[in-house]
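Since the structure comes first, as structure tokens, the remarks are kept for the end.
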Amino acid sequence: DFEGTTIGLAFLKSICSDIYSAGIIQDHNRNEIAVAATMAHEMGHNLGMSHDTKACTCSAKVCIMTDTVSSIIPEKFSSCSLQSFEKYMLSDMPKCLTNIPDVSSIIAPPSCGNGFVEKGEECDCGTPEECTNDCCDPETCKLTAGSMCAHGECCENCQYKKPGAVCRAVKHDCDLAEMCTGFSGNCPADRFRVNGYPCNYGEGYCYMGNCPTRDNQCKAAFGPQATEGAASCYRMNEKGVYYGYCRKEKGSHVPCKKKDLMCGKLFCTGGKEMPQDGSLVSFESCKASFPRNGEVDPGMILDGTKCGNGMVCSNGECVYAEDVFKSTNCSAKCTGHAVCDHELQCQCEEGWAPPTCDSSS
């Protein structure tokens, strides 16, 4: 049993964490709906929802993310909860909620009619009453006669789209378009520009599909009105204190060398008074965040951030990008109209058909 009135615990924003994607619920009531409400509450924390305040409302007297237990069983999420969930999905972009799991990794036995294609099924359009897909037989979860596919961005009128048809458009500087292969209804996995590719008008270099810059990291930490702090702020990183250092070794804050000043603690100016994560430290016009209770420091400059011409941050040091990415002339090995991606694999440029990338769509 928990102590006091606690009936459940869960980690905040942890739904995709290998370690913290969990919650603990006490079977505290004979009414299973009450226990289910507690389960929804704790899962709400996993999905980025904090406890409701007085300003939060729903169409009932009590909402699911209330911080107190009462005789009324909540059944609705509040306006605040919905806003928090939307913000979590848009800002944190938890990949385990947006990707399609590999069928072979699903442990539960297949169930035809649940709307999800599982092992042994060719398609699943829901129950016979729900199904509106002419390509799939809802009774057997098999494709109908003459159909090659029933689902996916590369499936049209029950047939595979032609090779080279764009199924996922470029979203930003560091993204690559994905094209249909001609032999699958599904769009290939999302691929990104090769690490080290210039982005954001030359302010950064692509790294694992992102364009990390100090300015963007400040906006993420202190809101859209925040900007990168002055160069003078970064002299604090030479001190080797909790609010100015380059990396930690055996619990100690290692000071930055002069060449590494822009790869340690992130300093910002403007924006919100308090950081999104951690606690605030400020001096002059500079402000930064530091972790609470020994957590991983959220206020450090990210690996892959540009720290000079052809230089990026790596483990608190400013190093040559090529020493980290090893991507120079990578695309030279690619045939046809192909370029290197973030895993140093060749990918077709937009409008060119895989796998050879030598014929246009």
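Using N, Cα and C of the backbone, Cβ positions are placed for all residues, glycine too.
These numbers come from a predicted model, not from an experiment.
The feature domain 'Peptidase M12B' is assigned by TrEMBL to 1-101.
Taken from TrEMBL, the feature disulfide bond covers CYS16-CYS96 (among others). Under the DSSP three-state reduction, CYS96 (disulfide bond) is assigned to helix.
Marked as Zn(2+) binding site by TrEMBL: HIS41, HIS45, HIS51. For HIS45 (Zn(2+) binding site), the count of additional Cβ atoms within 10 Å of its Cβ stands at 21 [all protein chains shown]. HIS45 (Zn(2+) binding site) falls within a helix when secondary structure is assigned with DSSP.
Proximity of GLU42 (active site) to non-local residues of its own chain (separation of 6 or more, Cβ distance below 8 Å) is seen for GLY8, LEU9, ALA10, GLY23, ILE24, ILE25, given in sequence order. Taken from TrEMBL, the feature active site applies to GLU42.
TrEMBL lists CYS56-CYS80 (among others) with the feature disulfide bond. Around the Cβ of CYS56 (disulfide bond), a 10 Å sphere holds 19 further Cβ atoms from the protein chains shown.
Positions annotated as disulfide bond by TrEMBL: CYS58-CYS63 (among others). Taken residue by residue with DSSP, CYS63 (disulfide bond) is part of neither helix nor strand, so it is coil. Proximity of CYS63 (disulfide bond) to non-local residues of its own chain (separation of 6 or more, Cβ distance below 8 Å) is seen for ASP52, CYS56, THR57, PRO74, LYS76, PHE77, SER78, SER81, given in sequence order.
The annotation domain 'Disintegrin' is assigned in TrEMBL to 109-195.
The number of other CB atoms found within 10 A of the CB of CYS167 (disulfide bond), across every protein chain shown, is 20. According to TrEMBL, the feature disulfide bond maps to CYS167-CYS187 (among others).
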Spatial neighbours of CYS187 (disulfide bond) among the binding-site residues HIS41, HIS45, HIS51 [C-alpha, 10 Å]: none
Model confidence over the domain 'Peptidase M12B' (1-101), averaged pLDDT: 84
Counts of helix, strand and coil residues, the domain 'Peptidase M12B' (1-101), according to DSSP: 33 helix, 6 strand, 62 coil
Intrachain C-beta neighbours of CYS16 (disulfide bond), sequence separation six or more, cut-off 8 angstroms: PRO94, LYS95, CYS96, LEU97
Inter-residue Cα distance where the pair is HIS45 (Zn(2+) binding site) and CYS167 (disulfide bond), in Å: 34
Residues close to Zn(2+) site centre defined by HIS41, HIS45, HIS51, Cβ within 8 Å: ALA10, GLU42, GLY44, MET49, SER50, ILE64, MET65, ASP67
